[in-house]
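Please read the structure below before turning to the comments.
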Amino acid sequence: MGTPEFPNLGKHCSVGDCNQIDFLPFTCDRCDHVFCLQHRSYTSHQCPNANQKDVTVLICPLCAKGVRLNPNEDPNITWDTHVNSDCDPSNYQKVTKKKKCPVPGCRETLTFSNTIRCKDCTKEHCLKHRFGPDHKCPGPRKPESTFPFGNMLRRSQKAESCSNSNSSSTSSSWWSSSLLTAATSFKSSAEAGMQKLSTATTQAIQKAKDGISTSSSNSGDLVEQCVQCPARFSTVGALIEHCEKSHQSNSQSSRSRVTVDVCPKCSKAFRDPVLLVEHVERDHGGTSRA
């Protein structure tokens, strides 16, 4: 068996009448014997263990599921076990019913290659009705409103009307009425605040106008006022005469009053303190002590 280069090449067939050497032998997965190409099947070499791993699957007519029959078990027992535990008749429609195009009058079966999903209505159609006008597409869904508070009020009002008609829904009626009451009170308080602000502004403007008119009526024609006293005069000449009589003497007396600094050593008088300091430093050696 084999050659000098490959002494273990090839094996003899296990069938007694054959015993043929095969360089590519087959090993049976049931009896683990080696056979040639002619006797590789179970029936050709009459394998005694052929039925041990036999696989038989039956399709259930109720649920369209596969039921595997066990080799060492009665098929009736296996079938009863499936019917009492795993059988689901609702699965039959899912498996056997083929998906078709939803357009009325179209009987096209939808498969992997001819199915198109519409972006607007998100439904699957065949290639013939893939465009919106062909399958009467309703268009994209409208976006929700950007005012959730208003929608909440409308929903609460609808809920309240429904609760009035149906006395059993007392809980939803209470929540909707509470929300509506809160919104109404918030609106009324805002309106009251705006009304108060408008009233206060009007009163302030009226008071300012009244003050201006009162001051002008009290002063009459006295438009010239003295800068040194609160006296008022009708003409500039009267104001000048008042200043000369009442405030001229005070200005002259203030001018006649002159501060004099006296040297403590020589009793020399100086009007400017700087001159006194220079005199002391120059004539008395920088000291003012006697």
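Using N, Cα and C of the backbone, Cβ positions are placed for all residues, glycine too.
Just so it is clear, the model here is predicted, and its values are computed rather than measured.
According to its DSSP assignment, Cys13 (Zn(2+) 1 binding site) is coil. For Cys13, Cys18, Cys36, His39, the entry in Swiss-Prot reads Zn(2+) 1 binding site.
The Zn(2+) 2 binding site annotation in Swiss-Prot covers Cys28, Cys31, His45, Cys47 and is backed by sequence analysis. Long-range neighbours of Cys47 (Zn(2+) 2 binding site) (same chain, six or more residues apart, CB within less than 8 Å of its CB): Cys28, Arg30, Cys31.
Annotation note: His129 (Zn(2+) 3 binding site) sits in a coil segment as assigned by DSSP. Sequence-distant neighbours of His129 (Zn(2+) 3 binding site) (same chain, 6+ residues apart, CB-CB distance under 8 A): Cys101, Val103, Cys106, His135. Positions annotated as Zn(2+) 3 binding site by Swiss-Prot: Cys101, Cys106, Cys126, His129.
Residues or ranges marked as Zn(2+) 4 binding site in Swiss-Prot (evidence: sequence analysis): Cys118, Cys121, His135, Cys137. Taking Cβ-Cβ distances under 8 Å and a sequence gap of 6 or more within the same chain, the neighbours of Cys137 (Zn(2+) 4 binding site) are Cys118, Asp120, Cys121.
Annotated zinc finger per Swiss-Prot: 7-55 (among others), in sequence order, evidence recorded as sequence analysis. Averaged over the zinc finger (7-55), the predicted model reaches a pLDDT of 86.
The zinc finger annotation in Swiss-Prot covers 95-145 (among others), and the record cites sequence analysis as its basis.
Marked as zinc finger by Swiss-Prot on the basis of sequence analysis: 224-247 (among others).
Taken from Swiss-Prot, the feature zinc finger applies to 261-284 (among others), supported by sequence analysis.
Counting every protein chain shown, the number of other Cβ atoms lying within 10 Å of the Cβ of Cys121 (Zn(2+) 4 binding site) is 17. Taking the centre of the Cβ atoms of Cys28, Cys31, His45, Cys47 as the Zn(2+) 2 site, the nearby residues of that chain (Cβ within 8 Å, site residues left out) are Ser14, Arg30, His33, Phe35, Tyr42, Gln46, Pro48, Asn49, Ala50. The Cβ of Cys13 (Zn(2+) 1 binding site) has 22 other Cβ atoms within 10 Å, all protein chains considered. The two recorded residues, Cys36 (Zn(2+) 1 binding site) and His45 (Zn(2+) 2 binding site), have Cα atoms 10 Å apart. When the binding-site residues Cys106, Cys118 are compared by the number of other CB atoms within 10 angstroms of each CB, Cys106 has the fewest.
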